[in-house]
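Asker: Grabbed the feature section from Swiss-Prot, which reads as follows:
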type    : residues                : note
BINDING : 55-62, 120-124, 174-177 : GTP binding site
DOMAIN  : 46-227                  : domain 'tr-type G'
TRANSIT : 1-14                    : transit peptide
Amino acid sequence: MLRKAFRYLVPVRCKSNSSIAGASTAGTSPSLPQTLQRRIEEIPLERYRNFSIVAHVDHGKSTLSDRLLELTGVVKPGAKQVLDKLEVERERGITVKAQTCSMFYHDKRTGLDYLLHLVDTPGHVDFRSEVSRSYASCGGALLLVDASQGVQAQTVANFYLAYSMNLKLLPVINKIDLSVANIAQAEDQVEDMFELPREDIVRVSAKTGLNVADLLPAIVDRIPPPTGYVEKPFRALLVDSWYDSYLGVVLLVYCVDGMVKKGDKIVSAHTSNKYEVKEVGIMYPERVATGKLSTGQVGYLVPGFKNSRDAKIGDTLMHQGRESETEVLPGFEEQKPMVFVGAFPADGAEFKALDDDIQRLVLNDRSVTLQRETSNALGQGWRLGFLGSLHASVFKERLENEYGSKLIITQPTVPYVVEYSDGTQITVTNPDDFPDLTLRRTKIKNFQEPYVEAIMTLPQDYLGRVITLCDDNRGIQKEITYINTTGQVMLKYDIPLAHLVDDFFGKLKSVTHGYASLDYEDAGYKPSDIVKMELLVNGKGVDALAQVMHRSQTERVAKEWVRKFKQYVKSQLYEVVIQAKANNKVLARETIKARRKDVLAKLHASDVSRRKKLLVKQKEGKKQMRSIGNVHIDQEAYQAFLRK
């Protein structure tokens with residue numbers, strides 16, 4: 001059913017594969033690299049299997065990865081979240097970076113050894129680009145479905161992404177040990193929605209290990225080996241990169257053709273820069289230097305450069321002197337950020353150190369865009385672009401966890417398009433750059449805002465509430481599909497991206513008591529009546545707090561803003577007026593009364609002339625202070641206001 005609707009679902013943005021910053025061979029047996037390389041050399045290319053695990057978030061991908069690593073002897077039994085290497089992943093229980101690991105499997109049916117390469121991919125839609133980059137090195141994928149929840153929105157999206165890249169799909173029903181598991185229903189969904197044969201489905205419990213051993217022969221039998229030529233010149237696809245404080249930049253590559261060894265001279269097709277390979281090896285699950293990589297393998301190499309900008313994801317690496325006979329690989333589609341925030345150091349003195357930390361983290365997450373900006377209120381900072389609001393939140397958390405850096409993050413904004421009367425267009429990602437009212441009246445034809453096609457699956461009991469939620473967020477209904485076998489319904493709405501990033505998923509979870517799932521695709525731009533909202537303190541705009549929004553939201557938001565900001569501004573020696581303004585019209589106002597200083601405290605009661613003179617002087621002083629508008633606002637006030 002859904003396979004036939006493929007033309008309506010556009011594959012999502014594209015991105016990366018592994019993080020593993022700081023991993024090394026330290027602590028491993030000295031003989032391990034030689035042992036692994038000897039085993040690899042004994043296995044021909046036709047017995048390689050590169051595969052990933054894709055599913056909706058929380059359907060058990062990382063747990064299943066742990067069990068496969070145990071069965072193949074990579075880790076000891078009982079290991080948890082082996083491939084979730086980031087602290088934020090372990091804390092949140094989600095996969096943020098796609099992680100890789102090589103495994104050896106001995107097939108008892110034939111007595112043959114196989115080299116398996118596993119990629120554990122993220123499930124959340126903000127990290128879909130991690131999934132698509134992972135697919136570039138894979139011949140197939142395990143499509144994982146939770147037996148208790150069935151097919152969810154991101155299951156559908158992941159299926160079509162894999163289908164569009166011609167991957168062989170192996171359906172797996174997980175969590176069959178749960179008392180609420182409905183295995184037959186999940187099988188019906190897989191068969192009806194994806195047209196995958198019921199007899200191909202493997203039923204497992206990743207948590208208990210039940211039937212997981214049956215997956216390995218299924219992977220060997222149903223997923224094809226890599227297509228490449230050992231005798232051709234070396235050609236590798238740069239899939240990901242990260243920074244190691246000792247080695248510098250480390251590259252994760254998929255060796256498409258030929259072979260690369262330590263000491264080889266290689267060249268980048270993108271930059272034409274030449275390097276010598278300082279170290280090369282596989283992930284097992286940490287870095288293990290094996291001395292070389294051959295056709296079909298996914299591993300790492302250390303090119304010996306320190307500048308993170310030299311590592312372009314999707315680049316083709318080849319041997320020096322063989323450039324003319326080596327075809328450049330197509331690479332990946334460039335990332336398009338969907339959410340932008342202003343980021344400023346909590347302590348202005350930390351700007352330089354924080355800039356270095358951000359540059360290193362961006363190396364490991366190339367979907368983040370970065371440019372410098374300056375705020376009158378918050379000082380020097382950056383305008384950062386992300387794939388979604390969760391992506392922005394995780395980036396901030398990683399910066400704090402991995403580098404100890406503290407940031408002030410402004411409200412997220414989305415890229416708006418301004419079309420002028422002469423036909424030219426500009427994209428505005430910073431509210432400060434939004435055109436003023438005089439231009440709007442004379443030179444601007446229209447404003448356009450980005451929309452997404454939101455795909456939601458939910459129980460039919462909550463349909464009315466979700467439709468109301470979508471209508472309240474200016475959604476445009478496109479399609480309702482009733483999934484008869486499950487009592488579920490699938491909704492498709494076009495929703496403004498600005499509303500999606502304003503915790504739409506949290507609101508959806510709230511009205512459905514956690515039973516809804518959400519996925520979304522870019523749906524282009526639509527004309528819209530949008531305006532810039534500013535917060536003014538004594539008539540001066542606070543640039544860091546400005547936002548662009550639909551005109552219908554302005555009155556409600558204006559009242560919320562002034563009421564909230566008043567809580568965090570301390571009283572001054574003169575009156576402080578807080579206003580919210582949009583389209584040159586003040587929509588809301590709050591006043592903080594002046595804090596009176598008793599200048600007469602030390603005077604004698606009978607000294608009337610001196611009394612009058614001091615009161616007049618105080619009045620003139622307050623008038624001068626008010627005209628300057630020098631209101632002192634603590635950094636904590638901005639942080640508290642920007643906090644949800």
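Quick reminder: no glycine exception, Cβ is built from N, Cα and C everywhere.
Keep in mind that this is a model prediction, so the values were computed, not measured.
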Asker: In this structure, which of the binding-site residues ALA55, THR121 has the fewest other Cβ atoms within 10 Å of its Cβ?
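Answerer: If we count Cβ atoms within 10 Å for the binding-site residues ALA55, THR121, the smallest count is at ALA55.
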Asker: For the domain 'tr-type G' (46-227), what's the mean pLDDT in this predicted model?
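Answerer: The predicted confidence over the domain 'tr-type G' (46-227), as a mean pLDDT, is 84.
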Asker: What residue among the binding-site residues ASP58, LYS61, ILE176 has the most other CB atoms lying within 10 A of its CB?
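Answerer: By the 10 Å Cβ neighbour count, LYS61 comes out on top.
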